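Peer 1: Structure incoming, see below.
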Amino acid sequence: MAFRMPLRWRLAGRISSRKSASSSLPSATSVLRQQRRAYSSKPPKSGPSGSIKFWPFAAIVGLGSLGYIGLINRRKDMPTTKPTAAPTAAPTAAPTAGQLPAPAKSTPTFSSDDVTVIFVLGGPGAGKGTQCSKLVAEHGFTHLSAGDLLRAEQERPGSQFGDLIRDYIKNGLIVPMEVTVQLLENAMTEALRKSGSSKGRFLIDGFPRKMDQAHKFEETVCPAKLVLFYDCPEETMEARLLERGKTSGRADDNAESIRKRFRTFVETSMPVVKYYEEVGKAVKIDATAKPDQVFQKTQKTLADRLGANF
């Protein structure tokens, strides 16, 4: 027979267990007090390890943006260039009647063993042309005047250099070297062709007027054997040119052009004379005397330097 607990005992046990459970739970009042304390107090501060700082990232982004904008602006300012193909050498065409290309040779056209070249220098009005004419008449030289060749070229119909030469001469300036050198070479070639011989003697009057002309001519046409320098005071030369201008019809035989030519000669041509004096090729001749007296000095100079039969 099973044992049954009396009713009063069971009731007493239930009441006891409810009291113990209720005593272990917090009361509503205590819970409410805790919540009030939680809302009224400040939140706890996070430690240094938990904080995230955004200003370094912002600085990096800002600097990068500024650098990119600067690069774009620099590229806008830079000129745009297109790749070009390597230059190819153009074929050299034969000179036509209106073309005077500068010689592009590495060796002279004429040998100094066959061709004698004498440069005749002096200021405008020094008497270079007069002395050359006498040497042609008495000793068989071929006289080439750079000035006469240039004037003839400027008047030649169809010349592409006519206007250029005219402007340079009128202003007392030196015509570009390439034109003058080619004209002289053409004239020498034509003179030898007419003579039927490869040998010749040339007096080149009024050339070279600059050092680059001298080097260009000797490198591409023929080395010079001698330089005759006719020295004369400026006042004497000016008087001669003004007198000649009355009948010559030359546009540069006027006072203004004459003075420009004097300045050009002193500044550009005298260094040529000094250079040839230093290398022992130039001879100075006093040109203030009468033409016949100057010619006697010229003949003696040539005999001393080139031999009695020069």
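Positions of Cβ are set from backbone N, Cα and C atoms, glycine also.
Heads up, here are the entries from TrEMBL:
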type: REGION; residues: 19-48; note: region 'Disordered'
type: COMPBIAS; residues: 19-30; note: compositional bias 'Low complexity'
type: REGION; residues: 79-108; note: region 'Disordered'
type: COMPBIAS; residues: 80-104; note: compositional bias 'Low complexity'
type: BINDING; residues: Gly125, Ala126, Gly127, Lys128, Gly129, Thr130, Arg244, Ala289; note: ATP binding site
type: REGION; residues: 145-175; note: region 'NMPbind'
type: BINDING; residues: Arg151, Leu173, Ile174, Val175, Gly206, Phe207, Pro208, Arg209, Gln213, Arg250, Arg261; note: ribonucleoside 5'-phosphate binding site
type: REGION; residues: 243-253; note: region 'LID'
Peer 1: Near the region 'LID' (243-253), which same-chain residues lie under 8 Å Cβ to Cβ, leaving out any that are not at least 6 residues past its ends?
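Peer 2: Same-chain contacts beyond the ends: 125, 151, 166, 169-170, 172, 261.
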Peer 1: Out of the binding-site residues Gly206, Pro208, Gln213, Arg261, give me the one sitting nearest to Gly129 (ATP binding site) by CA distance.
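Peer 2: So, of the listed binding-site residues, the one sitting closest to Gly129 (ATP binding site) is Gly206.
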Peer 1: Take the C-alpha atoms of Ile174 (ribonucleoside 5'-phosphate binding site) and Gly125 (ATP binding site) and report the distance between them in angstrom, rounded.
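Peer 2: For Ile174 (ribonucleoside 5'-phosphate binding site) versus Gly125 (ATP binding site), the Cα atoms are 17 Å apart.
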Peer 1: If you measure Arg244 (ATP binding site) to Arg261 (ribonucleoside 5'-phosphate binding site) at Cα, how many Å is it?
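Peer 2: About 15 Å separate the Cα atoms of these two residues.
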Peer 1: Here's one to test understanding: among the binding-site residues Arg151, Gly206, Gln213, Arg261, whose C-alpha is closest in space to the C-alpha of Ala289 (ATP binding site)?
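Peer 2: Spatially nearest to Ala289 (ATP binding site) by Cα position is Gly206.
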Peer 1: Express the distance between the Cα positions of Lys128 (ATP binding site) and Arg261 (ribonucleoside 5'-phosphate binding site) as a whole number of Å.
Peer 2: 15
Peer 1: Can you tell me the CA-to-CA distance separating Pro208 (ribonucleoside 5'-phosphate binding site) and Ala126 (ATP binding site), as a whole number of Å?
Peer 2: 16
